[in-house]
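What follows is a short report on a single structure.
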Amino acid sequence: MLPTEVPQGPIAAHVASPEQQQQQQQQQQRQQQQQEQQQQQQQEQQQQQQIQQRDMGKQKTQVAATEATAAARTKTRAAAAAAAAGTAAAAAAAATAAAAAAAAEITLCLIQLLRWRCEQQDEGDGGYRIAHYKQQQQQQQQQQEDQHLLQQQQQQQQQQEQQQEDPPPGP
C-alpha cells in the first residue's frame, strides 16, 4: 500500500480523519470548559452559603444580646420601683436579685457569643479566646462580690438605724 492510499477493510473503521480528530478535540475542550465552569459555580455557591451562615450566627447573637439587655433593664426598673415604694431592705434585696438575674442572663449571652466566635475563627487564636473568657469570668465574679458587700453594708446601716430609734430599756 502506498502512503497516499486510504486503508481499506476493518482497519479503516478505526482510523479517524484529521477533521474528525479536530472535532473530537474541540468537543473534549468544550466538555472540559463546562466542567471547569460547573466547579467554579459550585465553589461560589459554597462561599455564599458560608457567608449566609456566618451572618445568621451574628444575627442570632445580636438578638440574644438585645433580649438579655432588655430583660436586665426591666428588672432594674422593677428594683427601682420597689426601692421607691418599699423599705431599704426590700429595695436592696430586689436590686441584688435583679442584678444577679441580669448578670446570669448576660453571662449566658456572652457564653453563646464566645461559642459562636470560637466556631467562626481559626484554631490559631485559641489563646486569645481563653484569656478573654477568663477576663469576663473574673469581672463577673468581682461584680457579684461588690454586690454582696453593698448588701451587707446596707443591712448594717439598717441595724444601726433601728438601734438608734429603739434605745435599749433603762434600769
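Note that Cβ sites are derived from N, Cα and C of the backbone, with glycine treated the same way.
TrEMBL labels come from automatic prediction, so no person has curated them.
Taken straight from TrEMBL:
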| type | residues | note |
| --- | --- | --- |
| COMPBIAS | 19-53 | compositional bias 'Low complexity' |
| COMPBIAS | 135-162 | compositional bias 'Low complexity' |
| REGION | 1-65 | region 'Disordered' |
| REGION | 133-171 | region 'Disordered' |
### Task
Would you mind listing the long-range same-chain contacts of the region 'Disordered' (133-171), meaning Cβ under 8 Å and 6+ residues beyond its ends?
88-89, 92-93, 96, 99-100, 103, 107, 110, 114
## Note on the structure
In the same chain, residues at least 6 away from the ends of the compositional bias 'Low complexity' (19-53) whose Cβ sits under 8 Å of its Cβ atoms read none
### Task
Work out, from DSSP, the number of helix, strand and coil residues along the compositional bias 'Low complexity' (135-162).
28 helix, 0 strand, 0 coil
### Query
Would you list the DSSP helix, strand and coil counts for the residues of the compositional bias 'Low complexity' (19-53)?
35 helix, 0 strand, 0 coil
